[in-house]
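Dropping the structure in here first, questions after.
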């Protein structure tokens, strides 16, 4: 029984020394002097503030992408003992002693280093030679822009890592499919493909491009699988279900997990709260949660409320009024009602308070027991500080002449009676008798006389309106819009009938404990929607560029300049690699079309296995370049050179593929093949020379003289240095 103890336990392993060496040199190129410079470099000023928010557990919203990438950067700060106390307000600012620069930059550097052996593995899985795979890894190693981007606290190298991991995992799964389907390794690589895809999307939304590419290739393979008559119907169904679970269900669950962890970590109120709904804000510790703690849940007749516009654009604001009236004559010559102004004000103010009144009673206090307001009820809204009624009539709004003016009614003893009845329409109601709830209910206020809906137009009033936002009455026939929806944010039960006592009461919070915790799914859906719709800063930047500039490398970015010497860091690509990669993409496209046309004529220039390998390599490499590059032509946002790096990595993978194909199939005479091999070696030498030439601008570890900068033909650096001198 214990016979196995008589023999030693022996473990054997196959170690690919190429992978070991490539990993080692990749780590050396990315980790060498990683903490230098000890200063904020370009977009580190952007990502650093989010890391500080994580360290302090403060809620934030970043419209550039999901939170997974930010959490990975924050993990580095957490492991390094960062407390979040640093003011991220200036590029070039020296880091204080409490900022663990090495730890914060470690994860991007590690992922950037692993791109080197991953490029090698991908080409091996595609069926190309070790020499070709090593060539791809070497290109990934000496590409200057990839090195620069991966040595800083930025997310592009992390995104590229998960992109390539998804491709590599799928290729390993696909090769396992041919040998041992449903084995442990088969399941591992299939599941890892889905996980890597979700991680790519979780780092930046552009990761969805690679995810869709992998799904498309998997879909084509699944289609061929369905046509395999050697498989039973049950086995085909199992294959399809396994792929659906790993490539659709797992990524969706992972994506939800990213947000779940994010919302657990950032549970405190912060500067980005205002863009979220009142219910979301109330779920955060501090901020609105502190203000609304203990508020009554059900709005009753006599309730004192503030009404926030749900749309929140152009800025979050509250229904507001004040003593000033609309001017008799507007600048364009139109007349107004000269009634008291009603606006939407983007700051908390005592003039934001309104009293919900029963039209059939005179009292402005809550009865005992309270009489709740329900969907469909007709109410009047009385401005708390001026006691005038919210009103609209058939008078054109000041800036929106096709809509009605909204005002607080002033009785001038003229033939303009008040029209101050409003019907409550609870948009998110579950029944027609639902009670109006604080924070939770989203309501429309429909004017009884004219059927106009209270709406935020978003236009800024002139100086006579104190630059506040215009509120109008919009006809229902014009359709539904979120700017017509309001919710009660602050709420108390009114107790004072006298105006002076009521004014004092408006400043005193009520105390009645009511829980308004949102579910995770409600918070996730709202946060996701805000991230997708928040307006990004699309203003021109000194170093912004267009997608066409990236192909020709007709752009660059000055990342950092030493304050005392001429040492500097620039995002500048290896021009030999960039130009050759673009040429290889063009050559692949032309060759593919040529072979396709000849195959249509039943002329097979390539053996079937070589053709399939050629097609798959093009689908993943050329396709990866296309899906990660072409969508930028449709994006209306400020673009930079680093946006091209994910597409570039796929081009770099394609380049050695094209070189091997030319050598194997187009240069068949031995002499021609030898000549071509010599040219390839010379070309690699040129790429290495360019890498070494640009190395001072990649690492920033050496001062450059004006003559050296001029020799590099680096216009921006030269201009900066001249201004500094």
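Heads up, the Cβ atoms here are built off N, Cα and C, so glycines get one too.
TrEMBL annotations: computationally assigned, not manually curated.
Source: prediction; values computed, not measured.
Annotation comment: TrEMBL describes 296-359, 370-427, 431-491 as domain 'MIR'. According to TrEMBL, the feature transmembrane segment maps to 9-32, 68-88, 126-147, 154-173, 185-203, 208-226, 246-267, 571-596, 611-634, 641-662, 674-694.
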Counting only residues 6+ away from its ends, which parts of the chain sit with a Cβ under 8 Å from the transmembrane segment (185-203)?
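Contacts of the transmembrane segment (185-203) (Cβ under 8 Å, skipping residues fewer than 6 from its ends): 65-69, 72, 155, 158-159, 162-163, 165-166, 169-170, 172-173, 176-177, 210-211, 214-215, 242-243, 246-252, 254-255, 258.
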Can you see whether the transmembrane segment (154-173) and the transmembrane segment (674-694) are touching - at least 3 CB pairs under 8 angstroms, only pairs 6 or more apart in sequence?
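As far as Cβ distances go (cut-off 8 Å, pairs 6 or more apart), the transmembrane segment (154-173) and the transmembrane segment (674-694) do not touch.
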Where else in the chain does the transmembrane segment (571-596) make close Cβ contacts, counting only residues six or more beyond its ends and a cut-off under 8 Å?
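Sequence-remote neighbours of the transmembrane segment (571-596) are 42, 139, 142-145, 148-149, 551, 553, 556-557, 559, 605-606, 611, 614-615, 618, 621-622, 625, 641-642, 648, 651-652, 654-655, 657-659, 661-662, 683, 686-687, 690-691, 694, 697-698, 714.
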By DSSP assignment, list the helix, strand and coil residue numbers for the domain 'MIR' (296-359), in that order.
3 helix, 30 strand, 31 coil
Please give the sequence-distant neighbours of the transmembrane segment (674-694): residues at least 6 beyond its ends with Cβ less than 8 Å from one of its Cβ atoms.
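Non-local partners: 135, 138-139, 142-144, 572, 574-577, 580, 659, 662-663, 667, 712.
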On the 0 to 100 scale, where does the mean pLDDT of the domain 'MIR' (296-359) fall?
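Value for the domain 'MIR' (296-359), mean pLDDT as a whole number: 90.
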What stretch of 9-32, 68-88, 246-267, 641-662 shows the most Cβ pairs under 8 Å to the transmembrane segment (208-226)?
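That would be 246-267.
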Hey, which bits of the same chain come close to the transmembrane segment (9-32), Cβ under 8 Å, at least six residues off its ends?
106, 109-110, 112-117, 120-121, 130, 133-134, 137, 140-141, 147, 150-151, 699
